């Protein structure tokens, strides 16, 4: 019951903040939902004073960043916790926020999941910390993903402009040309599987993140979200979606996709021994190749993402995450200082060295970055392709404010297309219906 | 009921009100610790679930009292009923098979005609000692058509066995795991019930010239009816609570195990993926009621026959 009272009070606080503007309510410094104003001076003072913060993240390059940060600020202790990867961490974070206990000061959140946390006022608006001045620092894609209206809910950590990773050894062996369009991709898939029945062009058992990115590239814009986040539109029957399903259905029907779930041992094995010959994914992938598929070093290369129309250059984003400050966290000044250090300050270079892909314009365009040779890809300057992709990401895409939930039920509906005779388009329609139902139950105004 | 009556003749004239007071307090003193723990760990969670089920906390609109709306929704929820039907089917097929095997093994052990009786008893019981998570993972790797036993058999003999993790077969595959896990446990219940049957009955049967089969149907089975009913009720509850096996198989067969595969898995999804704690509590309560009713009916029927 006290729980309820607290919720009510928070609600009143919220209404108050909305009606009178951020500063008028005041008095709720301990994790309220109001917009906090913190000056650069406050942050410097906090860094001098010291303290400790907890960071929940699974991004491997942050470990070095934490060490450097602690070296620069000896009185600050950063407790870096891996609370699970993406969905698992969001569940843990959501539970901690509901319980108002054990909430981290900083949390890694992917772009597609930010809306859900922002909408429930679980994150601090970082504009009050000076984050709004960083607009020029980041490339437009990631920056638009972290802000809603004037509010900035996180600082972009990396981005995932998509590219085609392919096993050159396999392609050379069977004399297959690297596909530049999706039609060529299907042709390559047929040729490869015919030449070696154990080899597949790629693996796909139904992955929400991949499917939405493919729709994105194909020009589909299934989700529409109003600025305040309360009205959403969901519709998978536009032209772009039809373009995608028509082609992908061929790969499914002709059994040209390896039935291997992503990120499993089997999957890594397939990437290593040539059974899975390509991977269309975000530019954050190289670090995973280096650590997970060591034995295939030198076999793989990077090419631009295949296109729907020959000569086009449109791409999409896949994955990419940010660092945010949960509203119920403590030590806000230190937390923001860390986030800024890691995502806009010295930490960016450290993470680039570790193989991360930047969201910062300066680094993306720097000659040093673009000329970096990847020994894993046979010395190829792969960053040129990634940077090119980042510049050509299709505009106007948005995720649902409850995309985490929608993705969690993706395989219930669309998954059927991969294991039965349900057409992909029908699966998407069922996913749409389930997402609409949930949206309505949660009080959204949903149109289709 | 709670305290001993003092000898009737002595205290007849004492003030009755005071005496009644003292009597009731003494009783509470004995029952108190139990009642406190019972209320805290048993009644309070149920009460809290019921309380939760009367509200609806939404992303937009916040928390509101909705009365019995959640229950109405649950009764019309196709996803929920599909799950109930699935575990119902599981119950009808898997439980008889499992209890049948357990009973056969228990009778075989009890017959005294088996060599290495202790070895058999231990090895059949052993799977029960393996944690369900480990057991499921173990079986899941055997089921794998690319990397597991099924895959190896396919390669070795050039055959193509159906995929046990495909949507059509996965319920049977789960049934197989559960049977493997619990045959030993049920066997032990039956076996210990068989051990307490007085030997004089067997001797009498022998004098009457009854064969083994006759001894089983006329003496052993009627004598362990209580144990059979108990084991059946445990199995019914276990089937309705099916959760571990599907949730562990989910990452391996993401398209075969849906997030509403069993009622328990559905409540888990509602609560932890969808943040619909209120509706999740409602579904849990409805499922609890269904389980109670079915278990009670089975108990009534089982006991009536026994009487």
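The backbone N, Cα and C atoms fix where each Cβ goes, and this holds for glycine too.
Positions annotated as domain 'ABC transmembrane type-1' by TrEMBL: B:84-298.
The transmembrane segment annotation in TrEMBL covers B:25-51 (among others).
Using a Cβ-Cβ cut-off under 8 Å and counting only residues 6 or more beyond its ends in the same chain, the transmembrane segment (B:87-107) has close neighbours at 120, 124, 171, 174-175, 178-179, 182-191, 194, 216, 220, 228, 231-232, 235-236, 239-240, 242, 262-263. For B:87-107 (among others), the entry in TrEMBL reads transmembrane segment.
Tertiary neighbourhood of the transmembrane segment (B:119-142): same-chain residues 105, 108-109, 148-150, 165, 173, 176-177, 180-185, 187-188, 191, 244-245, 248-249, 252, selected by CB-CB distance under 8 Å and a gap of 6+ residues from either end. Look at TrEMBL and you will find B:119-142 (among others) tagged as transmembrane segment.
For B:169-191 (among others), the entry in TrEMBL reads transmembrane segment.
With a threshold of 8 Å between CB atoms, the same-chain residues lying at least 6 positions outside the transmembrane segment (B:223-243) that come near it are 87, 90-91, 94-95, 98-99, 102-103, 174, 178, 182, 186, 189-190, 192-194, 197, 262-265, 268, 287, 290-291, 294-295, 298-299, 302-303, 305-306. Annotation source TrEMBL lists transmembrane segment at B:223-243 (among others).
Through the fold, the transmembrane segment (B:279-298) approaches residues 49-50, 52-53, 56, 70-71, 73-75, 77, 80, 84, 229, 232-233, 236-237, 240-241, 263-264, 266-268, 270-271 of its own chain, all at least 6 residues removed from its boundaries and within a Cβ separation under 8 Å. Residues or ranges marked as transmembrane segment by TrEMBL: B:279-298 (among others).
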- [ ] Report, as numbers and ranges, which residues of the same chain sit near the transmembrane segment (B:169-191): CB under 8 Å and 6 or more residues beyond its ends.
- [x] 86, 89-90, 93-94, 97-99, 101-103, 105-107, 109-110, 121, 124-128, 130, 132, 135-136, 139, 143, 162-163, 224, 227-228, 230-231, 235, 238, 242, 245-246, 249, 253, 256-257
